[in-house]
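Data block below; observations after.
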Amino acid sequence: MAPWPEVDKPETNNYIGDSSKQNQNMPGKEGENHKGNVTSLGNKGEIQPAFSTIALIDETTPEENPWALPELQDTGVKWSELDRKGKIIRVLYGIGKFIILLGLLYLFVCSLDVLSSAFQLVGGKAAGDIFKDDSVLSNPVAGLVIGVLVTVMVQSSSTSSSIVVSMVSSTLLTVQSAIPIIMGANIGTSVTNTIVALMQAGDRNEFRRAFAGATIHDFFNWLAVFALLPIEVISGYLYHLTNVIVESFHLESGEDAPELLKVITDPFTKLIIELDKSVINAIATNDESAKNKSLVKIWCVTETNVTLQNVTLSPSENCTSPDLCWTEGNVTWTMKNVSETDYISKCRHLFAESDLPDLAIGLILLALSLLVLCSCLVMIVKLLNSVLKGQVASVIKKTINTDFPFPFTWLAGYLAMLAGAGMTFVVQSSSVFTSAITPLVGIGVISIERSYPLTLGANIGTTTTAILAALASPGSTLKYSLQIALCHFFFNVSGIILFYPLPFTRLPIRMCKSLGNITAKYRWFAIFYLLVCFFLLPLFVFGLSLAGWPVLLGVCLPLFALCIAVIVINVMQTKRPHSLPEKLQNWDFLPIWMHSLEPWDNMIMSTLAFCGKHCCGFCKCCKVNAEQEGAKDNQLKTMEVYENTIAMADEERGVRRAPAAACVEKTGTNNTAL
């Protein structure tokens, strides 16, 4: 066999270029038996150069940025290529899609309203009971987690705020104690759009963006609380600032606050359910008679008449005026104003005549509202994907995401904040607005950087709505309701001052992107995050607060210090690893389950796979996914060229040796979706 030519500096391009010449110089017989001599060549220990195009393939495929906004390509026929009939049909299709989109948005908002009513039926009385313990509410940390839990239970920060206002006006709670509860309500209201983001878990990149866009609200609220609650406890700046503002005005009760969106949605939602929210307020203000009342409103039209009647007095009571009292025998009579309620007509919602308990009605409405919510969201996303293509998508993206020229670059974010506040004022709910922009972030119409000021504007918008509602309060609660609404407003303004004006202070953007990357890889982590941040952690802190300050501080302070230390070490491992001791430059000295989600993912996926064996649809889905992964592997393998015969033989033997391992690896990485 002819020897291989000697090359001083072996390079891939030289081998590729000379391969044809080398094959021509080889005798035909030896060239035919070249592959058959692989074993003998391997035994002689001769090293042969490899001719491969893998390096060329790798060089031409740059890494994709998962946070880059996707280009929505227009696959249809161009407008200029359509005839008159085609243009008319396309215009009619566009009008029809717009009408359907408005209808789906209407059902989406109504389902959020019904979802809030369902949560109030399930946990409204429990929320009222939580507010009864005055000793716990005096603890600012306990008040914070109570605000989170109650708002999550009733799915409405305005409801929890109204409970707080009624308690303050009844002197059961001071304004200073109510401020941490309002901060907690600000956190709890962000759970709705986080739940909405779970509905986009089908596509990995969409879910990455949608979940990050939803949790940016969570991170801002948590960071604002961690920064401002200690300042408020030490200085009381929110209380003193709002007290000065309220005392400087001579306030009088006004008319009812304007209801913009409610005018449109109430006619439909009131056909499904109507609630008597005064029951929750009565339970919170220690009214024992309210415990046996139902939250479902039965009588919608009532009339209260006040009449002056003769009533008897018990021996323990005194006459209010001697002129109005008289005695007949052993009985003392007096005249009092007695109010009587006449029930005129019943409500017309579905459960007006039902005998089901509140819990059963709440669970039924919870299931139905979640079903409608998910269905509307899926259809809205698909409809937006079909509408926002080509030129339309590019125009919308440029309008929303483009910054102003250099001197005024900073202005675009504040205009977006103003737009978010205005839209939230119109829909009168920050949950509705943030839930509406979450799917837009997921499909790539709005960037994460632009959704941040929109969300901050939503926080401001919902407080302006609360201020208007407070100004319409009756005279007995006007001062306290306005002061609490102003506390909510200045709390959000203070958070924006801390975490928005300077780019390096916009920590929520970086934090939500990190969480989005994790949940895109391990989608079960999204549910874990939801349960921990909005249920388990507040319940844990609330249970410790019941045991008193010593137990709360003794447990929470070490855990908080440990979390801070882990965060600092993680940052230093990324930025300046050589400044750390050699052992702390990575977390490899810990068990793998303590610094990686991979073991937990394998355990959860194996559990789901075991349960899925009893479901034919799940098994078929797994088979389809496995076949798709196998087809991708075969396609990639055909792109790799090995002209080194030893490498080809080794690869063939390696493929025969480890088919099972490859299968396990593929299924492990593919089935990370719930």
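Yeah, the Cβs are placed from backbone N, Cα and C, and that goes for glycine too.
Per TrEMBL, the feature region 'Disordered' maps to 1-42. For 1-11, the entry in TrEMBL reads compositional bias 'Basic and acidic residues'. If you look up TrEMBL, you'll see 12-26 marked as compositional bias 'Polar residues'. According to TrEMBL, the feature transmembrane segment maps to 91-115, 136-157, 177-198, 219-239, 359-384, 404-426, 432-449, 456-474, 480-502, 522-545, 551-572.
Here the transmembrane segment (91-115) lies next to the transmembrane segment (432-449) in space: the count of CB pairs under 8 Å, restricted to residues six or more apart, reaches at least 3. For the transmembrane segment (219-239), the residues of the chain that approach it from at least six positions outside its boundaries are 140-141, 144, 175-176, 179-180, 183-184, 186-187, 190, 452, 455-456, 459, 487, 490-492, 494-495, 498-499, 507-508, 511-512, 533, judged by C-beta separation under 8 angstroms. When Cβ-Cβ distances below 8 Å are used as the criterion, the transmembrane segment (136-157) is approached by residues 115-116, 119-120, 122-124, 126-127, 130, 163, 173, 177-189, 191-192, 225, 229, 232-233, 280, 430-431, 462, 534-535, 537-539, 541-542, 545-546, 549, 552, 556 of the same chain, each at least six residues removed from its ends.
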